[in-house]
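According to TrEMBL, the features are:
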- Asp148: active site, proton donor/acceptor (ACT_SITE)
- Asn7, Glu384: Mg(2+) binding site (BINDING)
- Lys14, His208, Leu209, Gly210, Asn211, Gly212, Asp283, Phe284, Arg285, Gly331, Val332, Gly333, Glu334, Asn335: ATP binding site (BINDING)
- Arg91: substrate binding site (BINDING)
- His180: site 'Transition state stabilizer' (SITE)
- Arg241: site 'Transition state stabilizer' (SITE)
Amino acid sequence: MKILVLNCGSSSLKYQLIDMDNEEVLAKGLCERIGIDGSKLTHKAEGKDPYVVETPLPDHEAAIKLVMNTLVDPEHGVIESVDEIAAVGHRVVHGGQAYSSATLVTPTVKKVIRDCFELSPLHNPANLMGIEACEAAMPGVPNVAVFDTAFGQSMDEKAFIYAIPYDYYEKYGIRRYGFHGISHSYVSKEAVRFAGLDYKTAKVIVCHLGNGASVSASINGKCIDTSMGLTPLQGSIMGTRSGSIDPTIIQYICHKEGRNVDYVMDILNKQSGILGISGVSSDFRDVQAAQHEGNHRADVAIQSFVYRIAKYIGSYITAMNGVDIIAFTAGVGENDGEIRKAVCDYLGYLGITIDDEANAMRGKERIISTPDSKVIVAAVPTNEELAIARQTLALVTSR
Ligand code: AMP
């Protein structure tokens with residue numbers, strides 16, 4: 001059975017066609033600059049050269065049509081007919097409080113996605129456009145929404161509630177939702193399986209460290225806590241996002257600089273984090289290069305990032321009353337042994353020791369702690385597309 005996985009941004013559309021018989025990626029690609037001059041598709045099919053099509057893509061429907069035509073193209077495609085696609089799995093960022101697992105798209109589901117536009121203005125409108133483009137291009141093919149917020153729905157109220165008047169939760173759903181849920185859920189399962197632990201009982205901490213960064217604690221797929229909040233701005237320090245700050249800072253900057261809240265929010269989302277502290281870049285590799293050359297602000301940015309992650313881990317160990325495995329994932333977490341080591345250096349009191357050789361290796365999932373380490377530490381590549389395809393398959397085959 002073949003599942004198409006879509007991840008739509010406001011002007012982009014990423015896709016993978018996965019054969020679920022062996023979980024092999026048959027083709028993947030990206031449509032860029034949708035609705036903007038210079039749009040193009042870059043398509044890569046297994047065993048074939050990359051294929052680039054530069055053509056106007058006025059909207060997501062045009063992009064989906066181009067993807068379909070490319071997938072069945074005799075030279076560059078991988079299927080004979082669109083009928084071979086059994087279902088489409090969509091990454092949807094915000095599902096509010098309505099969905100704690102993947103769900104078949106219906107008019108009600110689309111309304112919930114629309115109702116969450118305000119909470120996820122950059123992503124949810126694009127996600128819905130992708131769904132509606134598929135409905136138009138492939139009538140009858142089921143669409144499944146896989147929510148990034150679903151994992152966080154299993155948090156207890158004591159963990160997700162903000163200490164502001166309860167009315168705001170009841171009236172507007174203001175609570176912590178958590179994001180990167182598809183990744184946290186996938187990596188927690190993979191890490192436990194790989195380490196040979198019992199999924200039902202293992203206490204797992206996942207550090208998803210990429211341009212966006214978040215930490216989660218979970219047991220048996222139940223999210224005990226996760227670092228992001230109502231939006232992905234809360235939590236650890238990120239590439240350009242501040243993470244958690246004293247809210248008074250917003251008012252203070254507004255008064256000092258004669259700006260409005262929207263301006264400061266933009267600064268907190270796009271000009272802060274590693275970029276804001278270092279003044280060098282939002283990309284860890286650039287900031288680390290500057291750190292190694294003796295740049296003070298780059299050094300503070302990296303140290304502050306590491307310190308905050310270590311503090312999340314410490315607090316989540318308290319929340320779960322223990323930890324069996326800590327897994328690092330995403331761009332930094334998967335690739336950057338220096339950051340992983342620096343975080344684990346704070347955790348010596350737990351009896352964690354890192355195997356420097358394993359930590360220096362790249363690529364596949366691997367245990368990076370020594371055999372006598374009291375807690376297993378692993379680097380586990382995330383695979384959100386495969387997670388979406390698995391959830392989509394499970395849903396369409398159980399109907
Ligand atoms: P992501 O958002 O998961 O794609 O992660 C992006 C971040 O990962 C960027 O800050 C990159 O600098 C960082 N990154 C990617 N590859 C590496 C690497 N090999 N070493 C260190 N950082 C990396």
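Backbone N, Cα and C define each Cβ position, glycine as well.
Close to ligand 1, meaning a Cβ under 6 Å from one of its atoms, are these of the binding-site residues Lys14, Leu209, Asn211, Asp283, Arg285, Glu334: Asn211, Asp283, Arg285.
Each of the binding-site residues Asn7, Asn211 was scored by the number of other CB atoms within 10 Å of its CB, and the largest score is that of Asn7.
Note on proximity: of the recorded positions Asn7, Asp148, His180, Arg241, Glu384, the one nearest Arg285 (ATP binding site) is Arg241, by Cα distance. Arg285 (ATP binding site) falls within a helical segment according to DSSP. With respect to Cβ neighbours within 10 Å, the binding-site residues Asp283, Glu384 differ, and Asp283 shows the lowest count.
Whole-number maximum of the Cα to Cα distances across the ATP-binding residues Lys14, His208, Leu209, Gly210, Asn211, Gly212, Asp283, Phe284, Arg285, Gly331, Val332, Gly333, Glu334, Asn335: 24 angstrom. Listed in sequence order, the recorded positions from Asn7, Asp148, Val332, Glu384 having a Cα within 10 Å of the Cα of the residue listed as 'substrate binding site' are Asn7, Asp148, Glu384. Taking the C-alpha positions, the distance from Asp283 (ATP binding site) to Arg241 (site 'Transition state stabilizer') comes to 12 Å.
Its Cβ taken as reference, Lys14 (ATP binding site) is surrounded by 18 other Cβ atoms within 10 Å in the chains shown. DSSP assigns Glu384 (Mg(2+) binding site) to a helix in the three-state reduction.
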